[in-house]
Ligand SMILES: NC(=O)c1ccc[n+]([C@@H]2O[C@H](COP(=O)([O-])OP(=O)(O)OC[C@H]3O[C@@H](n4cnc5c(N)ncnc54)[C@H](O)[C@@H]3O)[C@@H](O)[C@H]2O)c1
Ligand SMILES: N[C@H](CO)Cc1c[nH]c[nH+]1
Ligand SMILES: [Zn+2]
């Protein structure tokens with residue numbers, strides 16, 4: 001369905017389902033494995049025999065992966081690794097006023113990766129979360145994913161490459177609750193990473209007081225800014241591609257060319273909502289996109305490089321005719337990207353999501369003036385013992 005003008009809201013937001021998801025999370029917290037079994041039956045119509053996938057089954061499923069898909073995964077593995085290795089931060093140390101200080105980047109001990117699997121299978125997502133986790137040096141990786149029938153062979157193959165500890169064949173909010181609080185069978189983790197539908201993201205939001213989360217990565221979003229140099233067929237394909245994720249995808253085309261808008265409008269098919277918007281200039285188009293803060297932004301214009309510095313809010317940007325779907329699979333940067341406006345304050349998943357910065361200080365020989373300034377400010381705040389604890393050492 002074509003709509004004219006800017007969208008005023010997301011097609012579906014996690015905040016609309018918080019009440020329902022709260023109940024699911026509470027049930028898993030109270031009843032553990034039993035709730036997981038029952039909810040998987042109620043919501044997914046799957047009768048689980050076990051909450052852990054057997055290693056022999058994973059091995060056997062992995063063996064079924066066609067050779068060319070395995071080779072593609074191996075090639076993509078190297079490309080994603082090269083990106084996350086490039087941006088992995090070094091531990092840094094320095095000093096001032098005889099204070100030695102620095103930062104140690106430490107990997108998380110245990111991470112849970114949610115791999116969506118409601119409508120489609122997402123082995124690519126397992127790589128997008130797992131590779132930066134491995135590069136960061138995460139101790140243990142656990143995976144939760146809804147499994148209808150048998151495990152996807154590509155998911156099995158990638159899990160083996162990542163040395164995943166366990167795969168739990170559970171999806172939805174119940175999987176997130178289990179990873180957050182643990183059950184008799186499911187290991188509680190330090191952080192949950194991964195995209196999913198609004199139920200999955202609502203659950204991540206609810207448990208985020210008790211476990212780390214990577215943000216909100218819900219239904220896919222794409223804004224394309226196209227000028228008269230853009231190929232209407234490619235633009236239509238880019239929009240329909242992200243529509244493949246489901247009817248909740250947010251799909252917007254902004255153009256300064258009436259001709260591009262009309263041609264793309266004539267090519268769009270399927271039952272997604274497509275928003276078509278006229279901008280007077282490309283700069284105005286970028287401002288509109290900044291207001292939306294989309295997950296994916298495509299600058300399909302001959303001025304892409306010039307416009308890039310004006311982009312303030314977007315999860316990932318593709319330049320010129322680069323297809324956004326290349327980020328989804330093999331370009332290098334992650335496809336786990338913020339949605340629902342969260343691109344205003346965070347970017348996509350990177351190796352940083354699996355690291356924490358621990359700062360350290362060695363001030364045994366600190367400059368007296370510096371110590372004195374701390375003592376003065378502590379006393380000003382009324383924290384006299386803080387002041388004395390400093391003063392007694394540097395007199
Ligand atoms: N932003 C990103 O980085 C990114 C990346 C990949 C995919 N995605 C998005 O992930 C989503 C995947 O969604 P999906 O549904 O295919 O798989 P999913 O695994 O996210 O969700 C499936 C689970 O949802 C639960 N569920 C379904 N209907 C429910 C209901 N009415 N009440 C309670 N629970 C319910 C079920 O338990 C099911 O197991 C898509 O919207 C896609 O756009 C986003
Ligand atoms: N477009 C999704 C991120 O929004 C990622 C994805 C995975 N597979 C296909 N696409
Ligand atoms: Zn996609």
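In case you wondered, yes, glycine gets a Cβ from its N, Cα and C as well.
Non-local contacts of residue 295 (active site, proton acceptor) by the CB criterion (under 8 A, 6+ apart in sequence, same chain) comprise 217, 220, 221, 222, 314, 315, 316, 337, 338, 339, 343. Under DSSP, residue 295 (active site, proton acceptor) is assigned to coil, being neither helix nor strand in the three-state scheme. The active site, proton acceptor annotation in TrEMBL covers 295 (among others).
Annotation source TrEMBL lists active site, proton acceptor at 296 (among others). Taking a C-beta cut-off of under 8 angstroms and a sequence separation of 6 or more, residue 296 (active site, proton acceptor) has the following same-chain neighbours: 220, 221, 222, 223, 242, 314, 315, 316, 318, 324, 327, 337.
When secondary structure is read from DSSP and collapsed to three states, residue 197 (NAD(+) binding site) falls in the coil class. If you take the C-beta of residue 197 (NAD(+) binding site) and look for same-chain residues 6 or more apart in sequence within under 8 angstroms, you find 116, 118, 172, 218, 219, 246, 248. Summarising the annotation, TrEMBL assigns NAD(+) binding site to 114, 174, 197.
Residues or ranges marked as substrate binding site by TrEMBL: 220, 242, 245, 296, 328, 381, 386. Note: residue 328 (substrate binding site) has non-local neighbours 124, 335, i.e. same-chain residues 6+ apart with C-beta under 8 A of its own C-beta. In the three-state DSSP scheme, residue 328 (substrate binding site) is classed as helix.
Positions annotated as Zn(2+) binding site by TrEMBL: 242, 245, 328, 386. Cβ neighbour count for residue 245 (substrate binding site): 20 (other Cβ atoms within 10 Å of its Cβ, all protein chains included).
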Per-residue Cβ crowding (10 Å cut-off), top of binding-site residues 174, 220:
174
In sequence order, those binding-site residues of 114, 197, 245, 328, 386 whose CB lies under 6 Å from ligand 1:
197, 245
Rank the binding-site residues 242, 386 by the number of other Cβ atoms within 10 Å of each Cβ, and give the residue at the low end.
386
Which of the binding-site residues 174, 328, 386 have a Cβ less than 6 Å from any atom of ligand 3?
328
A 10 Å Cβ contact count, applied to the binding-site residues 114, 381: which residue has the minimum?
381
What is the maximum Cα to Cα distance, in Å and rounded to a whole number, among the residues 220, 242, 245, 296, 328, 381, 386 annotated as binding substrate?
56
Alpha-carbon spacing, residue 245 (substrate binding site) to residue 174 (NAD(+) binding site), which is rounded to whole Å:
21
